[in-house]
Amino acid sequence: MNGNAILLFPLLFPVIAGIVIGFQKQEKQRNLLVFATLVIELGAVLYLSMGEYTFTLWQMTDRLALAYHTDGLAKLFACMICIIWLLAGIYAFEYMKHEQKPARFFMFYTMSLGALMSLCFSANMMTLYLSYEYMTLLTLPLVIHTGTPEAVRAGMKYLGYSVFGAGLGLMGFFFLNSYCDTTTFMPGGTLNLELLAGNENVLLAVYFLMMIGFGCKAGMFPLHAWLPTAHPVAPSPASAVLSGIITKGGVIAIIRVTYYLVGPDFIRGTWVQNTLLTLAIITVFMGSMLAYKEKLLKRRLAYSTVSQVSYVLFGLFLLHPLGFLGALMQVVFHAVAKNILFLGAGAIIYKTGKTFVYELKGLGKEMPIVMWTFAIASLSLIGIPPTAGFVSKWYLAQGGLQPDFGTLGLVGVAVLMVSALLTAGYLLPIVSAAFFPGKDFDYGSLKKKEPNYLMTVPLILLALAAVAFGAFPQCLTDWITNISGVIF
Amino acid sequence: MNHSIILPFLVFFPMLGGIIGYIIGRKNKNARDYWAMLVTLLTFGASLLLIGKEEVFQEAGICGLGLLFAGGGLQVILAVLTGAIWLITTIYSKEYFQQDRNRNRYYLFMLLTEGATMGIFLSADFFTTFIFFEIMSFTSFVMVMHDETKEAIRAAHTYLAVAVLGGLVTLMGLFMLYQKTGTLQMDLLQQFMAQQTDKSAFYGIGVLVFFGFAAKAGLFPLHIWLPNAYTLAPAPASALLSCLLTKTGVFGIMMITAKIFFHDAPWGNFMLILGMITMLMGAILALFSINLKRTLACSSMSQIGFMMVGIAMQGVLGEHNALAASGTLLHFINHSMLKLVLFLSAGVVFMNLHELDLNKIKGFGRDKLLLKVVFLMALLGIGGIPLWNGYVSKTLLHESIVEYIHILEEAGQSVFYMKTVEYLFLFAGGLTLAYMTKIFVAVFVEKNSHPLPVQKQGAYLNPVNKVILALCALALPVCGMLPHLTQDRISAVGVTFLGAHAPDHAVEYFAWVNLKGAVISLIVGAAVYFLFVRTVLMRENEDGETVYLDRWPAWLNLEEKVYRPLLLGVLPFIGGFFARLAGTLTDGFISLLRMAIFNSDNARVIPPEDKYFSAYTDGETDKTVYREGFARSLLMIGIGLAIAMLYILI
């Protein structure tokens with residue numbers, strides 16, 4: 001045990017608090033407790049973000065250890081996750097009033113935050129793998145919360161795919177352990193070319209399988225199928241964080257393995273890179289296309305997640321600083337936008353019970369704040385300036401058009417554009433119908449259905465973030481450039 | 001770097017004003033209307049302050065690459081034009097929208113659009129242009145949508161779809177341009193391109209960037225949104241669309257031509273072909289239309305074709321492009337002034353009758369002298385009759401074609417192609433006269449035995465708007481009669497920006513050489529009107545009244561017959577098919593595995609041989625699986641792990 005034990009606080013505190021919350025029957029006290037936990041957690045993470053901390057919990061052997069470290073990447077993800085977790089949590093206070101067993105929901109909601117922090121801060125592959133499994137297990141109850149047969153089946157699918165994916169990752173870990181100097185994450189990778197000599201192709205294949213495995217969480221083709229099944233059945237605040245945040249768990253793992261263990265130089269220009277780029281491009285198109293065809297609002301949003309998270313993967317697999325910059329911006333911006341969309345869809349369900357996209361006519365008059373934020377998030381997801389999505393798309397495209405990628409990069413950027421068009425096709429009609437119900441629309445039947453401040457305030461804050469990040473992306477760009485500066 | 005205050009004020013003040021107006025409008029509708037007038041008045045005033053100055057405003061980091069505005073020459077003219085037209089339409093709007101719903105929304109988006117339009121016209125960087133271009137597309141969408149009739153909703157959706165598609169293609173082009181050149185600033189691009197000997201690599205990129213602007217400008221074959229959107233939007237919005245919003249597309253094309261493909265003949269030829277098609281197509285569509293605003297809309301399309309010809313001639317003529325440059329610029333401005341008058345007049349008709357069909361509104365203006373004179377002024381202007389402003393700019397455009405023919409003759413090359421262009425140009429000018437005469441005769445001359453009931457209370461137009469319309473109409477002949485005082489000065493300020501020198505000597509507008517073109521157009525116009533319109537497109541019914549016939553074949557509709565089926569039917573089907581195939585690949589594989597490994601018996605999945613190899617069952621036991629403590633088991637695992645961790649720690 002060495003280092004600063006304060007690093008353990010954000011990991012353990014939510015877990016302990018979650019257990020207490022689970023036994024809290026009084027709604028008011030429980031909500032207060034959840035709120036306090038999330039705020040303290042956010043404070044703790046912000047405090048930790050100021051400095052750089054390292055902590056080794058358990059040195060099993062000289063190569064295996066449970067160790068934590070706060071580097072730039074970890075801080076970026078941790079801050080983002082805590083903020084969104086808090087906002088979605090506040091929203092959930094209201095939303096969970098119409099669901100069963102809110103105590104159980106909040107228990108796992110808070111506990112999974114601990115697992116996510118552990119994932120962000122993990123300093124080596126073993127810690128990462130354990131946190132990753134932890135995250136899967138703790139978020140499972142969120143998926144199957146409603147307890148309907150459909151939800152349970154979706155939960156099992158989620159579990160099956162995730163465990164399989166993580167299994168591929170674990171397998172890769174064994175190989176990496178023997179080819180790397182250390183499995184502690186180092187910017188730029190720790191691959192030892194002497195140890196590797198002669199086995200390059202093995203490692204490439206192993207790396208490829210690891211990416212497929214971790215890509216499962218991020219909804220990358222071919223292991224994406226769980227996502228559109230599992231996300232829509234969860235209660236809306238859970239769908240929001242599952243889509244916006246948990247998918248990014250896969251992204252963290254991919255970044256750590258690619259940029260901090262294997263190293264971008266080893267993969268650059270190989271068949272693996274090309275294949276992974278192709279898979280990401282296929283996913284981008286497939287997700288958007290299926291979302292365009294889907295009529296159930298929440299499932300449409302889930303398909304949209306499949307597509308949007310693969311923007312991130314496309315950027316990461318470019319192995320270029322600009323692609324990396326675009327990818328991490330997309331991580332943040334997608335989290336913001338997708339949370340708004342899912343929380344908005346939840347507010348609609350909560351207030352009107354409507355779940356299909358063609359039922360939403362005139363809703364903009366009934367719940368203007370919800371639909372306005374929904375519209376802003378839609379614009380951000382399409383990538384219309386001055387909203388945030390435009391900026392990330394700009395950098396992704398600049399990365400993709402680098403001369404070294406040739407046609408594949410060009411095709412990728414073109415597919416991003418086609419996907420943006422499809423995104424417009426599946427989101428804008430909703431907004432348009434909501435605000436422009438038509439001349440014959442019976443305005444008399446409208447009622448004020450705006451949800452209360454617990455729901456609207458998080459939505460407004462997120463929408464403001466979507467615009468503010470778009471107009472002033474400088475601070476985020478600097479932060480990410482610092483991270484990538486060490487890697488490349 | 002000189003940090004101007006006026007430039008960001010022009011862009012952001014209307015936007016801010018729109019939001020404030022929205023808040024005011026929730027309390028007091030009248031106050032909101034006057035507030036909107038005040039905002040546009042202040043904006044107009046601020047734009048006047050720019051005259052004669054060279055200002056720059058740069059803010060790094062906004063949206064990634066940062067904003068760059070510059071005010072000088074051309075931009076100032078456009079900013080003043082925008083300010084003036086917006087002020088006029090805002091004053092006019094108060095009366096027009098009196099009985100409408102959702103006015104608060106209209107005013108908000110109208111002012112947001114003003115800021116965005118200013119942003120486009122003042123931009124000195126394609127990145128800035130693009131940002132405001134996209135904002136404008138979305139905010140103006142709400143203006144087109146305003147009436148919310150079924151047709152308006154459909155037209156607005158088409159408008160938005162074309163705008164989004166165009167925007168994305170342009171963005172793709174900008175990505176590639178930036179990648180290749182490392183800058184999107186117009187001046188730096190010009191320097192960069194001047195050093196390139198081989199521009200062939202840039203044509204593809206240029207076409208991509210051009211695409212979105214062409215879509216906005218309504219160039220063939222992307223014009224499909226234009227006739228419907230103009231017709232179905234409220235009149236002040238149609239006026240803004242025609243006078244300014246569509247012109248942002250023209251502005252973008254002008255920038256591409258002047259900054260990226262400066263003096264580039266292949267590019268010029270490409271523009272020329274598109275311009276010619278748009279010019280003729282718009283004119284023919286306008287001729288066939290039997291809807292007042294639709295005729296004006298198609299006329300806008302045709303006039304934009306004229307501007308495109310001017311832009312094309314700038315490229316083709318190379319060094320000698322002064323005439324083409326000032327012709328383009330002046331037609332840009334003159335057309336805005338003309339269409340302002342025309343659309344506002346059409347708005348008067350609609351305000352009173354709630355109808356635009358020529359057969360129904362026939363004879364509305366017979367007894368309204370002011371409106372008749374106003375409309376006539378605009379007719380003569382847009383028809384290119386000498387002494388009105390349209391004549392000046394059309395003459396310049398015509399002259400530039402003639403000049404090129406001279407150059408070709410001197411070089412001993414074939415002039416057949418350019419002669420054809422010249423005659424088509426004059427022919428389109430004739431068509432302009434024909435379709436304008438058609439609507440003028442219908443609305444102001446012919447009698448109607450079954451006039452529609454007037455829906456409006458009070459006078460057909462209130463005094464304020466009468467004065468405004470009269471003033472606007474008066475400006476048209478004044479500009480036309482004193483071309484050296486007004487038009488030449490404006491073009492002298494603007495053309496340097498387009499990379500042209502002022503012409504060596506002042507153009508003799510009223511010399512016979514130049515009048516000849518107008519005369520030819522006049523003869524063509526009269527011939528088309530009397531020999532075609534009056535015979536084919538009109539007929540007399542039993543009562544001896546003329547009826548306007550819709551002779552345009554229904555199958556000749558690019559939007560309904562090609563684009564919609566293709567983009568909404570065929571392509572999504574193909575894409576959806578492959579996406580579904582990919583989407584179900586893994587699940588299908590898993591089902592296959594399940595079939596191979598498990599036996600299905602009564603919907604329960606039973607492992608065949610190995611009793612230790614268990615699976616969660618489907619069917620009736622689902623709930624129990626979960627209830628009997630899945631959550632609890634997880635919790636126990638969690639607690640166990642936590643205890644183990646604590647033990648290790650202590």
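Each Cβ is built from the backbone N, Cα and C atoms, and glycine gets one as well.
Database features (TrEMBL):
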DOMAIN    A:64-106  domain 'NADH-Ubiquinone oxidoreductase (complex I) chain 5 N-terminal'
DOMAIN    A:122-412  domain 'NADH:quinone oxidoreductase/Mrp antiporter transmembrane'
TRANSMEM  A:6-23  transmembrane segment
TRANSMEM  A:32-53  transmembrane segment
TRANSMEM  A:73-93  transmembrane segment
TRANSMEM  A:105-124  transmembrane segment
TRANSMEM  A:158-176  transmembrane segment
TRANSMEM  A:202-227  transmembrane segment
TRANSMEM  A:239-259  transmembrane segment
TRANSMEM  A:271-292  transmembrane segment
TRANSMEM  A:301-319  transmembrane segment
TRANSMEM  A:331-349  transmembrane segment
TRANSMEM  A:408-431  transmembrane segment
TRANSMEM  A:452-472  transmembrane segment
Beyond the flanks of the transmembrane segment (A:271-292) by at least 6 residues, Cβ under 8 Å: 204-205, 207-208, 211-212, 215, 219-222, 224, 228, 300-301, 303-308, 310-311, 313-314, 317-319, 405, 408-409, 411-412, 415-416, 418-419, 422-423, 425-426
Other parts of the chain folded back onto the transmembrane segment (A:239-259), taken as Cβ under 8 Å at six or more residues beyond its ends: 73, 77, 80-81, 84-85, 88, 91, 109, 116, 119-120, 122, 125, 128, 132, 135, 139, 142-143, 165, 169, 172, 176, 185, 187-189, 207, 210-211, 214-220, 227, 230-232, 267, 298, 301-302, 305, 309, 312-313, 316-317, 319, 324, 327, 331, 334-336, 338-339, 342-343, 345-346, 487
Within-chain partners of the transmembrane segment (A:301-319) [C-beta distance under 8 Å, separation at least 6 from its ends]: 215, 218-221, 224, 227-228, 231-232, 239, 243-244, 247-248, 250-251, 254-255, 258, 264, 267-268, 273, 276-277, 280-281, 283-288, 290-291, 294, 325-328, 330-331, 334, 338, 341-342, 345, 381, 392-393, 395-396, 399-400, 402, 405, 409, 412, 416, 419, 422-423, 426-427
Counts of helix, strand and coil residues, the domain 'NADH-Ubiquinone oxidoreductase (complex I) chain 5 N-terminal' (A:64-106), according to DSSP: 32 helix, 5 strand, 6 coil
